[in-house]
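Q: Below you will find the structure I want to go over with you.
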Amino acid sequence: MFMNPLLPPLWPMIATAVETETEIAPLVLAGVLLSLVVIYFASKLGGEVCLRLNLPPVLGELVGGVLVGVSALKLLLFPEGGLAPEDSLVIQLLMGSADLSPEAAQSVFSAQSEVISVISELGVIILLFEIGLESNLKELIRVGPQAAIVAVVGVVTPFSLGTIGLMTIFGVAAIPAIFAGAALTATSIGITAKVLAEINRLSSNEGQIIIGAAVLDDILGIIVLAVVGSLVKTGEIQISNIIYLILSATGFVVGSILIGRLLSPFYVSLVNRMKTRGQLLLVSICVAFVLSYIAQIVQLEAILGSFAAGLILAETEKREDLEEQILPLADFFVPVFFVCVGAKTDVSVLNPAVPANREGLIIAAFLILVAIVGKVVTGFTLFGKSELNKLAIGVGMIPRGEVGLVFAGVGAASGALDPATDAAIIVMVIVTTFVAPPWLRAVFEGAKKEEAPEKPVPTPD
């Protein structure tokens, strides 16, 4: 075989690359396994503490992520932000046990971070699929106009105030401001529903309006996220582009639901005919992944597809079985997303002792104010409904919870948010999640005392 003497022989180079890759692969796996141990330990510890404090476990998962991430223990780190392998305690452990060179350590750090990031993205896809399953379109239609008014006002008001305020008052660039404004839109169904159930108000008129509006809020919020995410990809803000994205996102959800209803009998028939274990879960996950793929290739967010899949399958007779079967899968993947969001959040950028950080704190305070006011006003838009506890409806729409974290996670991953704005959104989510439950209880209990008839004062004989 003819070989050019001026060119270096390729085989030794290829062999060296293969050997290096072969040596690194087990270490990448070891790094992923150690990272998952850290993630699950942090999520369970934080979740258990919050549950005992009568707070949503998801908040504990977020705080657990903050503790093990870049802000504190540095057990779970990612290359974003210029972090080096030596900064990660997990990589330090691997370097000490395997005598890694700096180049090999960088390769392991990058590869294991990519794997964890992919698992995190799968977690948010499954989370939105689960939220879609829990959304009852028929119930939403029943509460109808009142829930729609609350939802639309609850999306438009905080989004407009947040975006315009960040751009005009703080001079934030358009796309980060739009992303932060979008993070103010969605309401956490789970947190509000839990509080309403605890105080026996879930079936009340106010409770039904809140839940119906929260469901519609989620749909509108995910559409807003898809539109904003697409704006980040294109890098352009044009009215025609925004209108196209809104129409395409709305059309995708509506079209998916309509087509899904036509194909639902085939889905049920297929699942019933299959005899192997896990047929319902795997077929359903395939539906979610296919719609996520379609959403992704048409320049929308993958989570919009999984959410639409959940809405579709929630209308079938398999809903209850699927809700039960999806739980173990969600328990495995979803905590990875929340802990990673917390781990990537550098709360040191909000340290008031550093003068340069004070603007970030002011932005956080501004977002918290808009997040609360923008939702409280929603109840008072129901004109002519004096019998309703309008303040309770508004307060019930305050908590952002997991949906707000989805916005923060997607925004940070896409590079649309700088560390200070990302941390400000995280603080907003934490504060609204803390504030809403006790306030909602107090509002309903106060109304109950006012409704109680006064006892007659006994007259002396």
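Every residue, even glycine, has its Cβ placed from backbone N, Cα and C.
Below are the features I grabbed from Swiss-Prot:
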- 22-42: transmembrane segment (TRANSMEM)
- 58-78: transmembrane segment (TRANSMEM)
- 113-133: transmembrane segment (TRANSMEM)
- 148-170: transmembrane segment (TRANSMEM)
- 175-197: transmembrane segment (TRANSMEM)
- 209-229: transmembrane segment (TRANSMEM)
- 239-259: transmembrane segment (TRANSMEM)
- 280-300: transmembrane segment (TRANSMEM)
- 360-380: transmembrane segment (TRANSMEM)
- 391-411: transmembrane segment (TRANSMEM)
- 424-444: transmembrane segment (TRANSMEM)
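Mind running through what each feature is packed against?
A: Distant neighbours of the transmembrane segment (113-133): 28, 32, 35-36, 39, 76-79, 189, 218, 222, 285, 288-289, 292, 302-304, 306-314, 319, 322-323, 326, 329-330, 333-338, 340, 402-403, 406, 409-410, 413; these residues of the same chain sit at least 6 beyond its ends, with a Cβ under 8 Å from one of its Cβ atoms.
Tertiary neighbourhood of the transmembrane segment (175-197): same-chain residues 56, 58, 131, 134-135, 154-155, 158-164, 166-167, 204, 207, 210-211, 213-215, 217-218, 220-222, 224-225, 228, 231-232, 235, 237, 367, 370-371, 374-375, 396-404, 407-408, 411, 416-418, 421, 424-425, 428-429, 433, 436-437, 440-441, selected by CB-CB distance under 8 Å and a gap of 6+ residues from either end.
Within its own chain, the transmembrane segment (360-380) has Cβ neighbours under 8 Å at 149-151, 153-154, 157-159, 161-162, 165-166, 169-170, 172, 180, 183-184, 187, 213, 349-350, 352, 388-395, 397-398, 400, 420-421, 423-425, 427-428, 431-432, 435, counting only residues six or more beyond its boundaries.
Away from its own ends, the transmembrane segment (391-411) comes close to residues 56, 58-59, 62, 120, 124, 127-128, 131, 150, 154, 176, 179-180, 182-184, 186-188, 190-192, 195-196, 201, 206-207, 209-210, 213-214, 217-218, 221, 225, 229, 301, 303, 337-338, 340-341, 344-345, 371-372, 375-380, 382, 417, 422, 425-426, 428-429, 432-433, 435-437, 439-440, 443-444, 447 of its chain (Cβ-Cβ under 8 Å, at least six residues beyond either end).
Residues 54-56, 59, 62-63, 66, 180, 183-184, 188, 191-192, 194-196, 198-199, 201, 206, 341-342, 345, 347, 350, 360-361, 363-364, 367-368, 371-372, 389, 391-392, 395-396, 398-401, 404-405, 407-408, 411, 417 of the same chain sit 6 or more residues outside the transmembrane segment (424-444) yet have a Cβ under 8 Å from a Cβ within it.
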Q: Compare 58-78, 148-170, 239-259 by their Cβ pairs under 8 Å to the transmembrane segment (209-229) and return the stretch that comes out on top.
A: 148-170
Q: Going along the chain, which residues at least six beyond the ends of the transmembrane segment (148-170) come within the CB cut-off of under 8 Å?
A: 176-178, 180-187, 209-210, 212-214, 216-217, 220-221, 224, 359, 362-363, 366-367, 370-371, 373-375, 377-379, 381-382, 393, 397
